[in-house]
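These notes are about the structure you will find just below.
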Amino acid sequence: MSQAYSSSQRVSSYRRTFGGAPGFSLGSPLSSPVFPRAGFGTKGSSSSVTSRVYQVSRTSGGAGGLGSLRASRLGTTRAPSYGAGELLDFSLADAVNQEFLATRTNEKVELQELNDRFANYFEKVRFLEQQNAALAAEVNRLKGREPTRVAELYEEEMRELRRQVEVLTNQRARVDVERDNLIDDLQRLKAKLQEEIQLREEAENNLAAFRADVDAATLARIDLERRIESLNEEIAFLKKVHEEEIRELQAQLQEQQVQVEMDMSKPDLTAALRDIRAQYETIAAKNISEAEEWYKSKVSDLTQAANKNNDALRQAKQEMMEYRHQIQSYTCEIDALKGTNDSLMRQMRELEDRFASEASGYQDNIARLEEEIRHLKDEMARHLREYQDLLNVKMALDVEIATYRKLLEGEESRINLPIQTFSALNFRETSPEQRGSEVHTKKTVMIKTIETRDGEVVSEATQQQHEVL
């Protein structure tokens, strides 16, 4: 950026005249003053005050004497002073002129190098200002990109996701309630089915008992019919016997009538037989009526019992058919409820799978958006750091430029001072004793205080202290 040269080979005229300047060095390729960088680039930081003390030693003669600046060497160069009316020492003037020309040549070279360095600094400052403007435009562009829009989109998407999650949660809760209701209905139907099965078993048991009663009644009826037949046979037999007896009695009566006719003194047997017949007929009629009444009562009882059993059997069969129809309807309803439950469970699993996939997709979108936001924040922070670093560099360069400007102004004033002194010099011849007595050294200490705040020069103060040696 600037040409480097060794400080041991070249010594600045400023150093040779004013001594070492505190805080900076002109011998380095990029001679920049050493400033504390703390506080630059930080908004609201405390102001920093930089003080520089320049020691200027000037050798002044008597009235109208030649004043030369003090060199940084151990010895002090004392220029001879010429009084009025004395002879001019041309060899000394020639030496002074040669030294002045050499000094001017070195100063010209150093000023050219300083100009080159300042040109490079100006180019660098211009380049940094361009970069600073580009970064400022980039920062403004990033600020104008509406970062809140991303937050709004994020919040809107989050609200939509929350709404969908709430809808799915409500649907799942409703499906759970329906499933619980179906499970309760299924349990109730199962309990009712068990009750109906128990009732059917009781009806079947009653039917079996009724069947046993019917069988017993049938057997009793058959027995009674058999007994009726036997009684009818017995009645027929008794009738036959009775008829035989009647015939026998009639035959006997006829024989007795014959004997009566033969013997009128014998008792009347016809009346006795008639009485006996009447008695037997009465007894037979009574037995027949009693047998018929008993048979009729037994037949009516058996008929009533059979009718009751038939009614009970018919009612049991009807109830069994109703129970069978109810069982079939309940079985169909249970199958339908099982199918509905299976479809609801399948829908619930599908909803859960879809909800899980959508939730994972939303989580991926959220992670991607958060990663983009983090990336944008990191990029913005990086641009801000670069902008801050460039701003710090610019402030430091502004301070260095201001310092070099002050140094150049001081150097120009120092260069112009010997020319004016040399032009106003009255050459006169003096003796070495007079020159030695008139030469005295005047030391000037310049204290310059520069106060900067946030990289800008706020105030400057310069104090000079004169000391005669």
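Glycine is no exception: its Cβ is also placed from the backbone N, Cα and C atoms.
Within the list S91, S289, the entry that Swiss-Prot describes as phosphoserine is S289. Scan Swiss-Prot for phosphoserine across S72, S81, S459 and the hit is S81. With DSSP states grouped into helix (H, G, I), strand (E, B) and coil, the region 'Coil 1B' (151-251) comes out at 101 helix, 0 strand, 0 coil.
As a summary of secondary structure, the region 'Coil 2A' (268-286) carries 18 helix, 0 strand, 1 coil according to DSSP.
Note: the region 'Linker 2' (287-294) comprises 8 helix, 0 strand, 0 coil (DSSP; helix = H, G, I, strand = E, B). Cβ-based neighbour count (10 Å, all protein chains) for S357 (phosphoserine) stands at 10.
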